[in-house]
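**Student:** According to TrEMBL:
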TRANSMEM  12-34  transmembrane segment
TRANSMEM  99-120  transmembrane segment
TRANSMEM  141-161  transmembrane segment
TRANSMEM  167-185  transmembrane segment
TRANSMEM  197-220  transmembrane segment
TRANSMEM  240-259  transmembrane segment
Amino acid sequence: MKRGVPGFQAWRWAFFVPGGIYIINAISTLMLGIDHPSGKDYRDLKKDGTLKSKGAFWPVLKCAMGNYRAWILALTYGYSFGVELTVDNIIVEYLFDQFGLSLTTAGALGGAFGMMNLFTRASGGMISDLVAKYWGMRGRLWALWIIQTLGGVFCVILGVVYNNLTATIVVMFIFSIFCQQACGLHFGITPFVSRRAYGVVSGLVGAGGSAGGAITQAIWFAGKAKWQLTLQKYDGLKYMGIQTIGLTLALFLINFPMWGSMLTGPREGAQEEDYYLREWSAEEVAEGLHQGAMNFAME
């Protein structure tokens with residue numbers, strides 16, 4: 001693209017590449033996608049009447065928005081993925097200004113921070129599944145809290161070692177592992193918050209990440225207030241790490257009656273079926289619309 005247009009335009013043209021891939025993928029899914037999550041052909045399920053509608057959208061939206069667990073995960077995701085986005089935005093300029101690296105070198109190191117996602121995010125999901133084998137949902141919550149808190153700790157350290165390039169690079173990569181693993185760990189919990197409104201809950205948590213990144217950058221790195229104009233980027237990194245540690249404590253508030261919380265066990269007599277059945281009205285249950293959620297609860 002740089003052969004056809006100036007460099008300052010080429011990077012904008014580059015966005016058409018992933019954009020085009022998304023469009024092709026979406027059209028292909030609409031035209032060719034026939035598999036249902038049950039493993040059967042979607043069209044066959046429609047023909048034999050097995051596949052039932054989930055009902056109106058408003059009850060689904062209300063179900064997601066009324067579940068406080070979704071909001072807590074949206075908040076904490078803002079300080080895993082949101083922090084990642086913030087660092088993606090500032091790290092190249094920080095390395096360039098703080099250590100006098102060339103833009104090419106600073107860009108390569110900054111890009112490597114994001115490229116760690118090739119394995120770190122997936123490994124977070126794997127850790128969540130592994131601990132769940134032994135400690136269930138409480139294990140998933142503890143693993144997320146520990147790893148995201150460590151991400152906050154290394155974010156603070158990243159701001160402390162601002163006068164040492166080698167230490168900055170080493171700490172940056174350790175920080176990226178914990179920060180990005182926490183992203184995957186969030187989505188080891190999100191599917192269990194609501195079965196009926198899983199899509200809306202996932203969207204809410206994901207949006208929390210983007211919102212957290214925008215808000216955090218505005219607070220520590222892009223504000224115009226007098227006190228912000230004198231704030232150094234390494235100070236912003238320290239404060240962002242402290243903010244991450246503090247807000248991640250909200251995970252202690254999440255409680256599933258049938259599984260418990262990080263500090264308490266399950267409520268006596270609470271069952272998975274009871275939890276997911278609450279998302280459906282008596283009329284919808286009579287129509288059998290809840291059956292998929294009950295299958296999930298049994299599994």
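Placement of Cβ uses the backbone N, Cα and C atoms for every residue, glycine included.
The structure displayed is predicted, hence computed values, not measured ones.
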**Student:** Checking distant contacts: for the transmembrane segment (240-259), what same-chain residues at least six beyond its ends satisfy Cβ-Cβ under 8 A?
**Tutor:** 68-69, 72-73, 75-76, 78-79, 83, 86, 136-138, 141, 144-145, 148-149, 151-159, 189, 192, 216, 220, 266-267, 270-272, 274-275
**Student:** Could you give the residue numbers and ranges of same-chain residues that sit at least 6 residues beyond the transmembrane segment (167-185) on either side and whose C-beta is under 8 angstroms from one of its C-beta atoms?
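**Tutor:** Residues 77, 80-81, 83-84, 87, 91, 95, 98-99, 109, 112-113, 116-117, 120-128, 140, 143-144, 147-148, 150-151, 154-155, 157-158, 161, 209.
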**Student:** Take the transmembrane segment (99-120) and find every residue of the same chain, 6 or more past its ends, with a Cβ under 8 Å from one of its Cβ atoms.
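**Tutor:** Distant Cβ neighbours of the transmembrane segment (99-120) are 84, 87-88, 91-93, 165, 168-169, 172-173, 176-177, 180-181, 184.
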